[in-house]
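Step one of this worksheet: look at the structure below.
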């Protein structure tokens, strides 16, 4: 039976939450923007807590000054926005932006790529750590540990916006999205919020505090990119592919998200497999 003609015995109505959290005159604050801002601020706050805890680091020596993280948040925000937008343009809708190049700057119309944002942050992190004399992987570890919270919030905002919904299904928890056509769908945004957000954060928390893996540079960062990649690939089996791309290579299952996430899994496995504990830490903080 064609999945697009399934008639579920029961489904859940869409909660129909206003995508605008606060409206003050012409100024509108959207849940999506709040998710990004709160996510960045939480990652910054959490990274400072990790970097300030001597029990988590080799010989109890902190890997960086807390002021470095205060300065890095600006670099990170720029990397997320520029990388996320550039990634979406290149990976998901290049023909459109070649035909209409000015639309690249119309970020209010939507269109951000996590994979592009990750590359943007990694570039910013590399340049920043070189400038400040910080071990790049240690910076990546503390930043990555708090990122899942922001990922989860943004996916919830995607759900509120009724965007990036899942494939048609007749499972009991299927959702009738207002712009999802005449069939019910997987709430794949919530699947991602659970896996990329809550589950991944808990896993990284265990690694940083119970397994003390911050003493092994790049292990936590590797676990993050591997964990995200695996979560994203899994959810892509339930998520509707981007309309302008559809399924790739003549299949009825392969998506761009899977292709972009596979190298992340491999890179994460490599990072964890080759990570070695620091024998003697170099003082960076006072």
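Cβ atoms are placed via backbone N, Cα and C, with glycine included.
Long-range contacts of the transmembrane segment (24-44) within the same chain, counting only residues at least 6 positions beyond its ends with a Cβ under 8 Å from a Cβ of the stretch, are 17, 69-70, 72-73, 76-77, 80, 143, 146-147, 149-151, 153-154, 156-158, 160-161. Summarising the annotation, Swiss-Prot assigns transmembrane segment to 24-44 (among others) and lists sequence analysis as the type of evidence.
Within its own chain, the transmembrane segment (72-92) is flanked in space by residues 36, 40-41, 43-44, 104, 107, 111-125, 127-128, 139, 143, 242, 244-245, 256, 260, which lie at least six positions past its ends and keep a Cβ under 8 Å from the stretch. Summarising the annotation, Swiss-Prot assigns transmembrane segment to 72-92 (among others) and lists sequence analysis as the type of evidence.
Annotated transmembrane segment per Swiss-Prot: 104-124 (among others), in sequence order.
Positions annotated as transmembrane segment by Swiss-Prot, on the basis of sequence analysis: 140-160 (among others).
The transmembrane segment annotation in Swiss-Prot covers 190-210 (among others).
Taken from Swiss-Prot, the feature transmembrane segment applies to 218-238 (among others).
Marked as transmembrane segment by Swiss-Prot on the basis of sequence analysis: 253-273 (among others).
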For the transmembrane segment (218-238), distant same-chain residues with Cβ under 8 A (at least six beyond the ends): 114, 118, 137, 140-142, 144-145, 147-148, 151, 166-167, 169, 186, 188, 191-192, 195-196, 199-200, 203-204, 207-208, 253, 255, 257-258, 261-265, 267-272, 274-275
Beyond the flanks of the transmembrane segment (140-160) by 6 or more, those residues with Cβ under 8 Å of it: 15, 17, 19, 30-32, 34-36, 38-40, 42-47, 50-51, 63, 69, 72, 76, 114, 121-122, 125, 187, 189-190, 192-194, 196-198, 200-201, 204-205, 208, 213-214, 217-221, 224-225, 228
